[in-house]
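Everything below concerns the one structure shown next.
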Amino acid sequence: MSDGDREIRRMAVGLTADTVATAVIIVWGLAYLLAAALAPGLIGNVSTALSAGSMALIGLLLLWSVVRGSRLLTGLMALVEIGLMVGSWTGTIRWAVPYDPELAAVSMAGMDFIVAVALVFKTIQLIDIEIGPRQSHRAPPLPFVGFRHRRQGKHDRGGVNVQVLPPRTPAW
């Protein structure tokens, strides 16, 4: 396999992983929004309004992190999902479901883990880490063009008018 084929394969795997991570985040964000609308009291140990509001906010922030592509927002949402995962796993968050609440807590912890991994992957991808020699992204410095100082007329208050001169052309 040539180096070009390896590079294409690596790019295809990276694009597939990015697409899957993005899809997981979008689906989970929509699931939070639908849960807030259809089952507002899903989080059993807080009030219904707080439960619905927090689920709607998390859903909107997840969707906005995908749309915006912000490293900061994506990283913060990864931390939120990790907190939700730990909260579900330890039983701090109690789920008001018509079936076994412990099973709901385990399944929510598992899904929050998957979404947290997708968010961490997207955050790392957005950081754009490059292996190899670092190149400066700054523009080269501009050449010094000189200044012209001119005293003002009869309304001069002692100031100096500074004008930038155009660059000088060589006289060859």
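Including glycine, each Cβ sits where the backbone N, Cα and C put it.
TrEMBL labels come from automatic prediction, so no person has curated them.
Since the structure is predicted, the reported quantities are computational estimates derived from the model, not experimental observations.
Of the given residue ranges 131-151, 152-172, TrEMBL assigns the label region 'Disordered' to 152-172.
Of the two recorded stretches, the transmembrane segment (12-36) does not lie close to the transmembrane segment (76-97), with fewer than three CB pairs under 8 Å once pairs fewer than 6 apart in sequence are set aside.
Tertiary neighbourhood of the transmembrane segment (76-97): same-chain residues 39, 41-45, 58, 61-62, 65, 104-106, 108-109, 112-113, 115-116, 119-120, 123, selected by CB-CB distance under 8 Å and a gap of 6+ residues from either end.
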